[in-house]
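Novice: Below are the features listed in Swiss-Prot for this protein:
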BINDING   Asp21, Glu206  Mg(2+) binding site
ACT_SITE  Asp21  active site
BINDING   22-26, Arg34, His38, 66-68, Trp70, Arg72, Arg187, 193-195  substrate binding site
ACT_SITE  Asn69  active site, proton acceptor
Amino acid sequence: MSYIEKIDKNRIPQHIAIIMDGNGRWAKQRGKERTYGHQAGAETVHKIIEDAARLGVKYLTLYTFSTENWNRPQEEVAALMNLLVDSIEEETLMKNNIRFRIIGDIKKLPAEVQEGLSRCIEHTANNTGTCLVLALSYSSRWEMTEAVRQIATLAKTGEISPEQITDEYITAHLTTNFMPDPDLLIRTGGEIRLSNYLLWQCAYSELYFCDTFWPDFDKEEFCKAIYEYQQRERRFGKTSEQIS
């Protein structure tokens, strides 16, 4: 029986976050340039977005471009920016009733990229299905630094007192404040680390790591991750007896 058949359709994770890793190594195995891998990875993005929408995932957050990725070779960054504009298919989003959002330091993106993304956000704003969130020019340390800076400014001007700064207050000042924390974090490509991604939000997320490079990640592997998630007991610091 395939994992597509095994999963419980009534217990799909509300929020799935993915670190899409392995494009470059996938291309290298085939004697191709890294950009070839990124192009193949973009095709996988389209498929997984549609799979998530059909399964009823409420939020799908994809680690698309980190703040550290700006340090990559200039030609690779330029190719990624061009691919980003071309790969956001508004028609697919509208067909699947998908709402589009972005988190990250987007002011660093090229103007034409910002304009294209803003149009897509505006045009899909009233969609009520899966919310697709791209983490662009994003890192958790950047996000938390921005939140601390905002809160420190409010404290300096006397708008808040230190006693008002709670877990919830900090969460409200993060770029992800419009969605719940991830239930499941998936990382492809064989690496076992979080790479500065949603560190605050993934405090109690279930983690799934697989060796599959992102271009080869398909619906079966996606459903395997969901199945593994469904086999786990989420305790959030409590005992099994407390949550049963």
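Numbers here mean position along the shown chain, with the first residue as 1.
Cβ atoms are placed via backbone N, Cα and C, with glycine included.
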Novice: Only counting partners 6 or more residues apart, tell me which same-chain residues put their Cβ under 8 Å from the Cβ of Gly22 (substrate binding site).
Specialist: Gly37, Thr188, Gly189, Gly190, Thr212, Phe213, Trp214, Pro215
Novice: How big is the Cα-to-Cα gap, in Å, between Trp70 (substrate binding site) and Asp21 (Mg(2+) binding site)?
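Specialist: Trp70 (substrate binding site) to Asp21 (Mg(2+) binding site), Cα-Cα distance: 16 Å.
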Novice: Just name the most isolated of the recorded positions His38, Thr67, Asn69, Trp70, Arg187, going by other Cβ atoms within 10 Å of its Cβ.
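Specialist: Each of the recorded positions His38, Thr67, Asn69, Trp70, Arg187 was scored; lowest Cβ tally within 10 Å is Trp70.
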Novice: Quick check for the class: what is the C-alpha distance, in angstrom and rounded, between Asn69 (active site, proton acceptor) and Trp26 (substrate binding site)?
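Specialist: The separation of the Cα atoms works out to 18 Å.
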Novice: Sorry to bug you, but what's the C-alpha spacing from Glu206 (Mg(2+) binding site) to His38 (substrate binding site), rounded to the closest Å?
Specialist: 27
Novice: Within the chain of Trp26 (substrate binding site), which residues six or more apart in sequence place their C-beta under 8 angstroms from its C-beta?
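Specialist: For Trp26 (substrate binding site), the qualifying residues are Gly37, Ala40, Gly41, Phe213, Trp214, Pro215, Asp216.
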Novice: Hey, how far is Gly24 (substrate binding site) from Glu206 (Mg(2+) binding site), Cα to Cα, in Å?
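Specialist: Cα to Cα, Gly24 (substrate binding site) and Glu206 (Mg(2+) binding site) are separated by 26 Å.
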Novice: Does Glu206 (Mg(2+) binding site) have same-chain partners at least 6 apart in sequence with Cβ under 8 Å from its own Cβ, and which are they?
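Specialist: Looking at Cβ-Cβ distances below 8 Å from Glu206 (Mg(2+) binding site), excluding near sequence neighbours, one finds Asp183, Leu184, Leu185, Glu228, Tyr229, Arg232, Arg234.
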